[in-house]
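Asker: Mind looking over this structure? Questions follow.
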Amino acid sequence: MKHTSLPEIRSTTVIGVIRNGQAALGSDGQMTLGNTVVKHSTKKIRRLYQGKLLAGFAGATADALTLLDRFEAKLEAFGGKLERASVELARDWRTDKYLRRLEAMIAIVSNDRALIISGTGDVIEPEDGIVAIGSGSMYALAAARSLMKHTSLSAQEIVQESLAIAADICIYTNNHIVVEEL
């Protein structure tokens, strides 16, 4: 029996930066199905836990929203403790047969922590306070690191500029940029 699969859903670049006690997380708005752009203004950033955290997602949208719902429940269960909620979600992601099939990543920032929860159930805390996920993430990450090192731009400005650079390079990233700040 021949296995046929649906076109791969590719969408997004999400980047978050913490600088001088301020955090910003932003994304582009493009969603593609195979080689076709199906939406230009997808909302990929959410405020969580009484507005104290920002979370963004990349990957299959329904999968990402499922994970965000579960993450929010973990935040509530653990009193808003970002690291504990992230580790518990990652543990569930690795051990639950249903969750293991979900294809998404989540980037989360608070004013002092930046984490990535990967599609393999890993919790990653970058040393430099910059998180990036999605198809244009490496372009945005390189831009953000350079801007952090060589400018005095705010976290919000670094996120904005990094996404603009990624949009100029990555075909799965557009310039419909949304940035949220804490």
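Note that the numbers count up from 1, one per residue, in the order the chain is shown.
Just so it is clear, glycine is given a Cβ too, placed from its N, Cα and C backbone atoms.
Pasting the feature list from Swiss-Prot:
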ACT_SITE  THR12  active site
BINDING   ALA167, CYS170, THR173  Na(+) binding site
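Would you situate these features in the structure and describe their surroundings?
Answerer: Under DSSP, THR12 (active site) is assigned to coil, being neither helix nor strand in the three-state scheme.
On its own chain, ALA167 (Na(+) binding site) has THR13, ASP28, GLY136, THR173, ASN174, ASN175, ILE177 as residues at least 6 apart in sequence with a Cβ closer than 8 Å to its own Cβ.
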Asker: Give the distance between the Cα atoms of CYS170 (Na(+) binding site) and THR12 (active site), rounded to the nearest whole Å.
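Answerer: Counting only the Cα atoms, the answer is 9 Å.
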Asker: To test your reading of the Na(+) site: which residues beyond ALA167, CYS170, THR173, same chain only, put their Cβ within 8 Å of the Cβ centroid of those residues?
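Answerer: Near the Na(+) site, the remaining chain residues are THR13, ASP28, GLN30, SER135, GLY136, TYR139, ALA140, LEU163, ALA166, ASP168, ILE169, ILE171, TYR172, ASN174, ASN175.
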Asker: Using a Cβ cut-off under 8 Å and a sequence separation of 6 or more, which residues in the same chain sit near THR12 (active site)?
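Answerer: For THR12 (active site), the qualifying residues are SER27, ASP28, GLN30, MET31, THR42, LYS44, PHE57, ALA58, ILE133, GLY134, SER135, GLY136, TYR172, THR173.
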